Amino acid sequence: MKFCIIGYPVSHSISPRLYNEYFKRAGMNHSYGMEEIPPESFDTEIRRILEEYDGFNATIPHKERVMRYVEPSEDAQRIKAVNCVFRGKGYNTDWVGVVKSLEGVEVKEPVVVVGAGGAARAVIYALLQMGVKDIWVVNRTIERAKALDFPVKIFSLDQLDEVVKKAKSLFNTTSVGMKGEKLTVSEASLKGLYLVYDVVYFETPLVSDAKRLGVEHVVKGNLMFYYQAMENLKIWGIYDERSFKEVFEEVLR
């Protein structure tokens, strides 16, 4: 079978390397490629992708757009974002990755979620499934945050530091930090947190600062990616536990 990841940009993705190594170790004759699709070309290119590939993963900024072209699962419908597709059906495995990556960790409230895109939707849905009720969303545009359609309080980005100061947990669902940028959160506000979670799967300044300041629980996106990838392979019907652990644990855990 043929798989790929679609996004823009997508050159930073470690998915092709990991999945192809997994296929090799498991003795599977599958391939996993990369398709960089600018937003303005999406409607044309997605039709080709659906014809050419058995399955694919969608990342920023395409998780919400994909919904229009696939038959979404119940979870994906509620989240309004798809990150895993198999033969015309769309799933959201991000939220599963969030829940599993937080096993054994108490998510203390209030919880601040930075961002209002596809990843934010999955994080909020996961938190609600875990019984978290007091969720505060901080986003650059208030209108986009309102469109989330979840029971959350909404704040603008210029309120981020004062909101974090009153919170116990912080989830960054944006790409801020991928290139070394920092969220506008003071050290004093960060220090008062119990949990810091960043969906970016390598160490961002937020994660480094939280560790240095002694935040009790600091979770990188690599754990979310690990469990999300496991779920993807199960959906595609090609999960092999031993090969998965050999390849994915080596890199991600």
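Just so you know, glycine gets a Cβ as well, placed from its N, Cα and C.
In the three-state DSSP reading, K63 (active site, proton acceptor) counts as coil. Taking the Cβ of K63 (active site, proton acceptor) as reference, residues of its chain lying under 8 Å away and at least six apart in sequence are, in sequence order, A81, V82, N83, G117, G118, A119. Under the heading active site, proton acceptor, Swiss-Prot lists K63, citing sequence analysis as support.
Listed in sequence order, V137, V138, N139, N172, T173, T174 are the same-chain residues at least 6 apart in sequence whose CB falls under 8 Å from the CB of G115 (NADP(+) binding site). According to Swiss-Prot, the feature NADP(+) binding site maps to G115, A116, G117, G118, A119, an assignment based on similarity to another entry.
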G115, A116, G117, G118, A119 excluded, remaining Cβ within 8 Å of their centroid (NADP(+)): I60, K63, A81, A120, R121, T173, T174
G117 (NADP(+) binding site) CB neighbourhood, other CB atoms within 10 A: 18
Around the Cβ of G118 (NADP(+) binding site), the count of other Cβ atoms that are within 10 Å: 26
